[in-house]
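Q: Please read through the structure below; I'll follow up with questions.
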Amino acid sequence: MATIYVDGKEYEVDGADNLLQACLSLGLDVPYFCWHPALGSVGACRQCAVKQYQNADDKRGRLVMSCMTPSTDGTYISIEDEEAKEFRKCVVEWQMTNHPHDCPVCEEGGACHLQDMTVMTGHNSRRYRFTKRTHQNQDLGPFINHEMNRCIACYRCVRYYKDYAGGEDLGVYGAHDNVYFGRVEDGTLESEFSGNLVEVCPTGVFTDKTHSERYNRKWDMQFAPSICQQCSVGCNISPGERYGELRRIENRFHGSVNHYFLCDRGRFGYGYVNLPDRPRQPQLKNGNEQLAITVDGALNRAADALRNAKGVIGIGSPRASLESNFALRELVGANNFYVGVEQAEWQCQQQMLHILQHGGVPTPSLRDMEEADAILVLGEDVTMSAARIALSLRQAVKGKARELARKMKVDLWQVAAVQTLGQNQRYPLLITSLDTTRLDDVVEDKLHAPYADQARLGFAIANLLDPAAPAVTDLGAEQQAQAARWAELLGNAKKPLIIAGSSARSMALIEAASNIARALKGRGLEASIALVGQEANSLGLAMLASTSQPLEAALERIEAEEGLALVTVENDLYRRAARNRVDAALARLQHLLVIDHQATSTAQKADLVLPAASFAETDGTLVNMEGRAQRFFQVYAPAFYNADIQVREGWRWLAALQGTLEHKPLRWQTFDEISHACAASVPLLATMLEAAPNAGLRIRGMRLAREPHRYSGRTSMLANQNVSEPRVAQDPDSPFNFSMEGYAGSRQDMPQVPFAWAPGWNSPSAWNKFQDEVGGHLRAGDPGRRLLEATADTLDWFSAIPAPFKTADALQVVNYAQLFGGEELSARSPVIQARMSEPMLVLNPHDAARFALVEGGLVAFSWGGNHWRLPLRLSKKLSQGLVGLPLGVSGLPTALHQAYLANLQEAIA
């Protein structure tokens, strides 16, 4: 710690910070542009000038840039010095000489860091009357608008895109005061994290194109704290709504998970919430048509159907909340509840839960991952399955430069010096995969092989680290040497990290990862293991229904029994199983009841569809891959805008159905009631209630506001329908109001922050006001509750070492996961569809020659009653005997995993 004096007041600060960080952490306002908490200092903008004095007696002082000045003990500075204030005002004026002053038509207006800093410095009149520099804008793809004339040359964009995110197709061109930030030519930005430019840029150069199509100011949107639904990482988000539509998603700071950044799938994949074909009223099947019926009529028909069936079973979902899955299990009974994922994935998820519970090795948060000094990724393409992890791994490998900087006593915020000192030295990142990955540019070594051979390498590494681990006796000399190199790199680390997951559907890979983590822990290292699930609530479903059976068991029961009724919640069975098998099973049912918020293939076969609420229209709890229970809150009430909309939370439909069926009062009327019931009945979920406050929370006696206090048009937005002002929607399930009435701001500590705003800070930089220190954690504590923590337990060594992969006449299907299109919900979003690459079938050239197939030609194949025609791509990296398919895309079910195809043939276009 260090003692500094600011405008005559004494403060204790972290001596490792620069003065700008220190002042912002103290809650003092110092304007800045080029600095960012995640990017460090380069001193490019000169905006953060303060007056520094030699001692308490110095009255003259000198101007220094606070972002480039360390917080040494005994530092005396002044923010309010007149010379410093005038200098900062002049800097803004210089920045604005070429700015178009187009705030009224700029999409950044009202959430603009440049506006905030201009007001903060007091610059309020223009003196420049000459020709302004102009630029030609670029088309950067479906996600981001480009307006270069607003640029102030702060260099944040290229520092984030190239230095932080590892992108290569955005740069800066030109010299002196005529520089251009963009691509060499028009084209879609290639980075999976390009959307963060929208928040990194302090002006309106890079803006959200998906928001442009239905634009409104930040102060006119309704927000709620929420959780990304598009993978198992559980990033915190702030969705914004207007007129009953989700308009955009902003990052919600979480000190342990996503920090300041999201992946593009999470930021832009929300379009499925607004689709016009969503079921919004109960739908009754009448021949080939679906007829809208009333809520009471739907519940009575559903209850009659279940009452008259010979048995009722339920199929849950890893994309549904804990509460909805729990309500379904309570309706049908634990023995009749099935988890709704295929057997291979369910076995992997159960094993992953077992390892996290009893393995004795901690599971890292994303922030913890960034501190790892050696990383092994076994068979999991994290860029495609959990992209935000890939961004953290990029920061982790740069830790070598930070280590060198510490040895040389260079402050870590001096990023240019740290980069120069590092000279591209990195901590080792080791990856086993089927083919190339997006992390190959920072990898130390890699293995391209079938999953069985990848697992064998993992088991061999564990044995080399600890001879007590099972040995691989028939490993080839080349792989034995590679295992030795990798074991040495991991064994020499202090904080090694092992990553695996269920996307490969390989138990052997997960068990090999566990063995390696145990061996590293046994050597006294701070080892950690991250096991990546496939969907937002995969781990939560495993914790809730650890003894339940997979989808295949449900289909087998339907095939074996007559007269069953099936209730599914937020699950499209056709995505997870062969079409002919699902068709046959559904045809045998006496009644099919589907509760979902999307018009899926399963819903089209339903006798009755009950319209579920999407994540923006409901409350719920998810458990992310590290075992952190996190609550997402309802953003808006659809029925407020249109009384004909009858969507309900999945658990509310099920509670009402059970009450109708049993002729009893509802078991749960509020979210708090069902959450308490879930926590009480499942020991693993006993502490899930600590993930968020209950509906009774008040701050200074007030509920919390979902809308900024400047929200406009509330009394007139529906005047075209009725001149009488409707009462705002009421929320019995959370402490939030559907209005601007209530508490909003940063003065009182609260972990559930709907939107970032503080007096004078309207941009995402306002998160500084909510943190214990800039870039640290929220003052009230990061949201969520870890349900799984490492114990002193130690699992036995896993010994089921697979045999080497051998080619056969038929080709084994492996998944070529896709970030855009591979996840069910975001793949329905039009903007994500515009970003999806063409689905292809991938073969090794030798296999292509064996089937007489040529690259670029169409390949036809059949499986499970479906027929596909996909263009062929050849890859020498993919091992012989394998065929790569983008499962989940183009109707390719995930059950194709590790199936065998022998009928590949050339298709005539």
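The backbone N, Cα and C atoms fix where each Cβ goes, and this holds for glycine too.
On a predicted model such as this, the values are computed, not experimentally measured, just so you know.
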Q: Going by the [2Fe-2S] cluster site in Swiss-Prot, where Cys34, Cys45, Cys48 are listed, which of the candidates Cys23, Cys67 is also part of it?
A: Cys67
Q: From the Cα of Cys106 ([4Fe-4S] cluster 1 binding site) across to the Cα of Cys263 ([4Fe-4S] cluster 3 binding site), what is the distance in angstrom?
A: 24
Q: If you compare CA-to-CA distances from Cys235 ([4Fe-4S] cluster 3 binding site) to each of the binding-site residues Cys45, His99, Cys106, Cys201, which comes out shortest?
A: Cys201
Q: What mean pLDDT score does the domain '2Fe-2S ferredoxin-type' (1-83) have in the model?
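A: Taking every residue of the domain '2Fe-2S ferredoxin-type' (1-83) together, the mean pLDDT is 95.
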Q: Rank the binding-site residues Cys34, Cys45, Cys103, Cys151, Cys157 by how many other Cβ atoms lie within 10 Å of each Cβ and give me the one with the fewest.
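A: Ranked by other Cβ atoms within 10 Å, the binding-site residues Cys34, Cys45, Cys103, Cys151, Cys157 bottom out at Cys103.
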Q: In whole Å, how far does the CA atom of Cys228 ([4Fe-4S] cluster 3 binding site) lie from that of Cys45 ([2Fe-2S] cluster binding site)?
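A: A Cα-Cα distance of 34 Å.
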Q: Under a three-state reduction of DSSP output, how is Cys67 ([2Fe-2S] cluster binding site) classified: helix, strand, or coil?
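A: Note: Cys67 ([2Fe-2S] cluster binding site) is helical by DSSP.
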Q: For Cys106 ([4Fe-4S] cluster 1 binding site) and Cys151 ([4Fe-4S] cluster 2 binding site), determine the Cα separation and express it in whole Å.
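A: About 12 Å separates the two Cα atoms.
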Q: From the centroid of the CB atoms of Cys34, Cys45, Cys48, Cys67, the recorded [2Fe-2S] cluster site, which same-chain residues not already listed sit within 8 A by their CB, in sequence order?
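A: My list of surrounding residues reads Leu20, Tyr32, Phe33, Trp35, Ser41, Val42, Gly43, Ala44, Arg46, Gln47, Met65, Ser66, Met68, Cys154.
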